[in-house]
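Novice: There's a structure below that I have some questions on.
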Amino acid sequence: MILLVDAGNTNIVLGVYKDKKYIASWRISTEGNKTSDEYSIQIIQLLNLNNLNPEDVKGIIVSSVVPNIMHSLENMLRRCFGQEPIIVGPGIKTGINIKYDNPKEVGADRIVNAVAAFEIYKRPVIIIDFGTATTFCSVTENGDYLGGCICPGLRISADALFERAAKLPRVELEVPKKVICKNTVSSIQSGVLFGYIGQVEYIVKKMKEEMSDGIEPYVIATGGLANLIANETDAIDEVDSDLTLEGLKILYQKNRE
């Protein structure tokens, strides 16, 4: 049984992989001041609730974009499972060629997604990960990671408007029925959501132009808000909610020996 850990700025996603299939996954809040004891309690309870024995965990891999939780997280994993976790970072075997000016700058989450997309789809891909930040990454059919761009996430964009404009309320991230709205809440939703959709469509268009080699890139979306955006645009070909966990599984298999 393999434990997959994806630590993001907002949530930590945990997955369990056994007998060539996922048998459970959970999402817990990322908290920088949480101790290894607190993480231990959470993860053991989650395993027990799913009738999974912690002693059956034979391998662990971790991807993190939150440096200040890594000490607690690694200590917890070593203590709970008696395993040295594989950490996604410089020196790990990926099977892709990172064509970045400085490959060490590429976030672990982007590497994991790129590996998964390359191994699964076997064609040029654009990966959009809708997280705290939204990342766009391009990978060729030969496994060259070309780079991409990073944008403020959808929630960050909405929260910034609420925090900096005194008379505007915080709103739920819901797509309104029309662009032209007749109340403040719907007007904010229209501007934030449709504006973000337009941003996604334009960035995808420009990335496709720069990747043009005769094969149309396949656009994959993942992350917590992927379905919300994908339902409103033809720029996204597929939503793959398990892309990151799949990438972690692939990287574990490449690096377990």
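Note: Cβ is positioned from N, Cα and C throughout, glycine not excepted.
Features from Swiss-Prot:
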type: BINDING; residues: Asp6, Ala7, Gly8, Asn9, Thr10, Asn11, Ile12, Val13, Thr132; note: ATP binding site
type: BINDING; residues: Tyr100, Gly107, Ala108, Asp109, Arg110, Thr184; note: substrate binding site
type: ACT_SITE; residues: Asp109; note: active site, proton acceptor
type: BINDING; residues: Asp129; note: K(+) binding site
Novice: Could you state the CA-to-CA distance between Thr10 (ATP binding site) and Arg110 (substrate binding site) to the nearest Å?
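Specialist: Distance (Cα to Cα, whole Å): 16 Å.
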Novice: I'd like to know which of the binding-site residues Asp6, Gly8, Ile12, Asp129, Thr132 sit within 10 A of Asp109 (substrate binding site) at the Cα level.
Specialist: Asp6, Gly8, Asp129
Novice: Report, in whole Å, the straight Cα-to-Cα distance of Gly8 (ATP binding site) from Ala108 (substrate binding site).
Specialist: 10
Novice: Could you round the CA separation between Tyr100 (substrate binding site) and the residue listed as 'K(+) binding site' to a whole angstrom and send it over?
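Specialist: Just about 18 Å between their Cα atoms.
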Novice: Under a three-state reading of DSSP, tell me whether Asp109 (substrate binding site) is helix, strand or coil.
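Specialist: The three-state answer is helix.
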Novice: Please report the Cα separation of Thr184 (substrate binding site) and Ile12 (ATP binding site) in Å, rounded to an integer.
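Specialist: Counting only the Cα atoms, the answer is 34 Å.
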Novice: Please give the maximum pairwise Cα distance, in Å and rounded to a whole number, for the substrate-binding set Tyr100, Gly107, Ala108, Asp109, Arg110, Thr184.
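Specialist: That value is 43 Å for the farthest Cα pair.
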Novice: Measuring Cα to Cα, how many angstrom lie between Ile12 (ATP binding site) and Gly107 (substrate binding site)?
Specialist: 15
